[in-house]
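Student: Just passing along the structure, written as C-alpha cells.
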Amino acid sequence: MLTTVHHHQRVLLLHRSPHFILSPKPLHSFTPKCLFSSSIASKPLTQPPTTNLPTSQILSIHHSLLTRQLTAVEIAESYLTRLRIAEPKLRSFLHIADEESILRQAEEVDRKIERNEEVGLLGGVLVGVKDNICTSDMPSTAGSKILDGYRPPFDATAVKKVKELGGIIVGKTNLDEFGMGSTTEGSAFQVTANPWDESCVPGGSSGGSAAAVSARQCVVSLGSDTGGSVRQPASFCGVVGLKPTYGRVSRYGLVAYASSLDAIGCFGTSVADAGILLQAISGHDRFDSTSSMREVPEFISKFTASNILESRPLQGLRVGIIRETLEDGVDANVVSSICEAASHLEDLGCSVTEVSLPSFSLGLPAYYVLASSESSSNLSRYDGVRYGNQVTADELTNLYGESRARGFGPEVKRRILMGTYALSAGYYDAYYKRAQQVRTVVRKSFKAALDENDILISPAAPSAAYKIGEKKNDPLAMYAGDIMTVNVNLAGLPALVLPCGFSEAGPANLPVGLQMIGAAFDEEKLLRIGHVFEQTLKGHSFVPPIVPAGFGS
Amino acid sequence: MTSVLFRGLQIRPLCIYPFSLLTKKAGVLYCTSNNLHTQSVTTQDKPKSQSKVVARNHNKTLDKLLTDYEAIIGIETHVQLSTVTKAFCGCDYNYGSEPNTNICPVCMGLPGALPVLNSKVIECAVKLGLALNCKLSLNSKFDRKQYFYPDLPKGYQISQFDIPIATSGYIDLDLPLEYGGGHRKFGITRVHMEEDAGKLLHTDGGSHSQVDLNRAGVPLLEIVSEPDMRSGIEAAEYGAELQRLVRYLGVSNGNMQEGSLRCDVNISVRPRGQAEFGTKVEIKNLNSFSAISRAIDYEITRQVQLHNQGLGDQIVQETRLWEDGAQKTVTMRKKEGLADYRYFPEPDLPEVTLTKEYIEDIRGSLPEIPELKRRRYEQMGLSMQDVLFLANDVHVAEFFDATLSKGADMKLAANWIMGDVAAYMKNEKVSINEIKLTPDELAELIDSIKTGTISGKIGKEILFELIAKGGTVKGLIKEKNLVQITNPAEIEQMIDKVLSENPKQVEQYRGGKTKLQGFFAGQVMKESKGKANPGVLNKILLEKLNAKS
C-alpha cells in the first residue's frame, strides 16, 4: 500500500539550509549562522530564502543570550507583545503572570549572564503551563469552577524543574475541565480558538497550551495527556506534542484525572524544543512513587546534524504503520498525509510495514471505563470542605451536593457518574475488571508490535481540527475522536506527534499530525526519528497565519 | 503550607451528628459526638473494683441465660502505629497537638498531591502478622475505600481490600484467674494496612464544625478476629492481649484513651445447638477493656431476653453505641443494606512486594511475644498468678528477665517486683522505666539478703531508697552501716541486755506466757537497729529464756 519513492534530491537540497543543525555540543561553540536565520523577538534577522524548517527556539534563545545578541528582557517583551495581541482572539490563557514579575525574572537571567554565571538551558524561555498543573504563585483551577481562585501552596515537580533551569512561567493555559474533553469547550471559563482558524477548536484537553505555542505566545508549554490530551491538540494546532512514558515525568502537582493514565507532556514548535523540555522535567521524584527510577538519557544530543547529513539517515529502522488507524472513520486527507509521511520515512531509509493491532478498537471503551472510574475517585476530594467553592447548606449532604452540583461542569459530572457506576458492587467485574483485562491485552499487543518494529506510526486524530460547537453536544462523537491516542495511554508508552501535512478539506488549510509510538522509556529514539523527519520534511510551514510575519521558525 | 485555613462546615446544630453520614467511618465515632464524650468523662473516675463487682453480679444472671444460648463475638481492632512519620507523607503525628499543625498537601488531600508509602508501615504490619501467626501475602496492594466525610480529605481512605498483607492467624492468651483462668486461642481473619482519618471538632454553640487533619494519614493496622469469642471477658482479654502484643513489638503505644487502639465488637446470640448465626449487632464507642466486657454482657442479656420473650425478630442488624454512663447500648443507626465503598486498586501506589529474606529478617528480629514469655515463665515454675502479672507489661517482664540474667533467685525476684516495686509504682503512678532501681541492683539486693549480708527488713528499706533515689546496694549498706550482725557473741550480748532490762516479762515468760518470745525478739532487733540475723537471734534467745526454767 505504501509507495516507495526515493527523493534523494530533497535531502541534498537541505544541505543548503543553514539551520537544520540544531544542537552542536557544547552549546557555547555554536556558530551564530547556524541558528540565526530565524529571528527571535521583534527584530527580524535575515530570513533564509528557501525553507521554513523548524529550529529550536530554546537553543536559539540560549545562544543569543550567551552571545549577548539579545537580552532576556527583550526576548520576554517580544513574546509578551505577541501574547497580548493574539490573546483576545485565541483565549489560550486562563491566567497570565504579572508582566512585572516576568520581566523581573528575565532581568535576573540577564544579570546572571552579565556576571558570567551559569544560565540553565531554559534561562529566559517563556513557558506556558496547563492550568491543571500546580503553580505556587498563580491560580490553578484545572478549568473548573470548583477550584475557581484556588492557589496551591506548592509547585508541581515539573514546574519546579522548569524554574530551576531558568524557565519563566508566563501563565496558565486553558483546558477542558480537569482534562476531560478534546476541544477546550469543556472549560468552565472560556473556549480557546485554533490559531490556524479561529472558528475551529484547538483540540484538547491541553488546547490552551497547544494554541499558545502554535501562536508563539510562549516558547514551549506543559500539558497533560491522559488519553491524547497533548497529542491531539498538537495535531490540531500544528505543533510538536510529546507524551512521555508513564512514570518518566513526576505527576506530583498534576491535578489527577485518571492516575494510572495521566502523564505530563510537552509542546514545542520543534522536536528539539519538546525534547529539551522533556529533558528538563524528567526523572524520578520521591514525591511520586509511580515515577520511574530509570536514568534519563541525554535527549539533546539527538538533535545533532550528523545523521541528517547522510543521504539515508534512518537507514535500517523498522517502522510499523498501524492498519486499524487508517480504516473507516478516518478522514481521507488525514490518511493521505500519513501515507506521505510514511513514504518520507522510507525516503529517509526506514522500512515501513503494516502492522495490525486487533485489540485497537477495544481500547476506546476500556479507556473510558478506566478513566471514568479513576476520575470518580480522584474528584471526590472536591467536596467544598477545604478549598474551592463551598456552598453554604443546612446539612452536610446538601453542602456536598450543592458544592459539587455548582462546581462541576456537565462532562465532569457525566464521567463521575459513569465511573461511580462502573465501580459499584455488582458492576465492577463487568466494567472495571474487564477494562483492566483489555488493558493487559492492549499492552501485550503493543509490546509484540514494538518487538518487531522500532516505532509505530498512525494519525494523531481521525480528522483535522473541527468547528467550535460541532461536537459539543455529542459526547460519543467526541470520545470517538480519541481512538488514535487512548491505546498509548493504556499501554503507558511514549508517543510523539509532529505536524506532517495539511488537510485541504475546508477553506483554510489545517495541520495534520503524525503520531510516532515508541517502546517504553525509548523517548530517545522517538526524538531522534522525529527530529530527522521534521528537518527533512520539505514544502510545509507550520507557522499559523496569526503569527506576525517576521517571526518565523 | 500549613497556613491553608480550614473553613468551618456551616451546618445547623441539628445536623451536627448526622449519624446517617457516619455510616462509613467507624473508628472516629466516639470523637465526633459531644454528649458521648461528656458521658464518658463523668464516669471515668469510677473505681475499677466496683465495676468488677457489677460484672460479677451480672455474670450470675448471664450464666443462667447462657445455659440455653450462646454468644458469638468477633472484634475489629484498629491500631495506630507509632511510626515517626505518617503513612503516606513526611508529617509527624503527636497526639494532642494544636489542630492542623501536623499537616501537608499530601495528608490534606490537596489537588495534585500524591501518597508515598512509609516503609515502616510495612515493617510494622509484617511484625504483627508474624506475631499473630499469620500467612503473609508476598504480593499485596493498596485499594481505595470511598466515602464522603469531612474528616476524610481525599474522599477515599487508602486501605487494603481483597489482598490484605496478612491472613489466617491466631492469638493465644490466658484468662485471668479471677475469671476462672484457662488458655484460649482465637483466630485472626486478617491484618491490613490503612490510613486514619482526621477529627471533627464541634463548637460550643453547635452552629458549625471544624476539621482537624492532624490525625489524617496516620498509619493504622486493622486486625479482624474470627468470631471465636463467647463472652465479654474473652473479648476484653482478646483486646488486652492485642494491646500487650503491639506494645511488646513496639509497633504502637496501644493507648485506648488516645485512640491508638480502638475496638469495635460484632455480636450475635443463637440457641445452643443451632448451626447458623443469629442477627449480628455491632457495638462501638468502647473506650476501655472493661467497657468491652460490660457492653458485651449487656448486649448478650438484651438479645437473649428478647429471644426468651419471643421477640427475637426485634434483634436487627444495626450499630449500637455503648453508653458508659448509663451502662447500656443504644441504637446508633440501623443498616440500610451493605454500604458500597467502590473499592478499586490505588493507582498512585505500587504493589507491595515482600521478599522471603525481608520476612525472615523481621522474624529473626522479633522479640519474645507475650504468649512465649508466659509459657517460659510457667516452665520456670512460676505460678500462673505470677506469670500473668510479670508478663502483662513488657517493661516489667524485661525488668524481671534482666534481674534474672544477673543471677537473682527467680522466686525472690518475682516477689520483690510484684510486691514492693509494684506497690511503689502504683502509689506514685510511675512505670517501671521511670523508677531509679535497676535490675542489676535488685539482683544485688536479693543476693545480699540471700547470703545474709543484710536482713530482709533492711533490704526492704534499701529498696525504697533505690527506687526513689537510685544508688547501689553496696554503697547504701556501706554508707548506712547496715551489714547484718551474725556474730553469736555480739547478739548474745544484746539479748542479755534486753533480758536484764525486762525482768518482769522474763518472769511471765517462764511462768508459761511463751508468746512473749516475740516481744523479746523485737526488743533485741531494736537494740541491733534491725541488723541482727533473726535466725541466730531466735536460737540464742530461746536457749536463754528456756535455760533457767
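The backbone N, Cα and C atoms fix where each Cβ goes, and this holds for glycine too.
In TrEMBL, annotation is done automatically, which means it is predicted and not curated.
The active site, charge relay system annotation in TrEMBL covers A:K130, A:S205. Taken from TrEMBL, the feature active site, acyl-ester intermediate applies to A:S229. The domain 'Amidase' feature in TrEMBL is assigned to A:74-527.
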Student: Far apart in sequence but close in space: which same-chain residues, 6 or more away, have a Cβ under 8 Å from A:S205 (active site, charge relay system)?
Tutor: A:G143, A:L175, A:D176, A:G179, A:M180, A:G181, A:S182, A:T184, A:G186, A:S224, A:T226, A:S229, A:P233
Student: In sequence order, what residues of the same chain, 6+ apart, have a Cβ less than 8 Å from the Cβ of A:K130 (active site, charge relay system)?
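Tutor: Spatial neighbours, sequence-distant, of A:K130 (active site, charge relay system): A:K172, A:T173, A:L175, A:S206, A:G208, A:S209, A:S221, A:L222, A:G223, A:S224.
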Student: Counting across all protein chains present, how many other Cβ atoms fall within 10 Å of the Cβ of the residue listed as 'active site, acyl-ester intermediate'?
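Tutor: Around the residue listed as 'active site, acyl-ester intermediate', other Cβ atoms within 10 Å: 35.
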Student: Reduce the DSSP letter at A:K130 (active site, charge relay system) to three states and note it down.
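Tutor: The three-state answer is strand.
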Student: In the predicted model, what is the mean pLDDT computed over the domain 'Amidase' (A:74-527)?
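Tutor: That stretch averages a pLDDT of 94.
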Student: Need the DSSP three-state call for A:S229 (active site, acyl-ester intermediate) to compare against my parser.
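Tutor: Looking at the DSSP assignment, A:S229 (active site, acyl-ester intermediate) belongs to neither helix nor strand, so coil.
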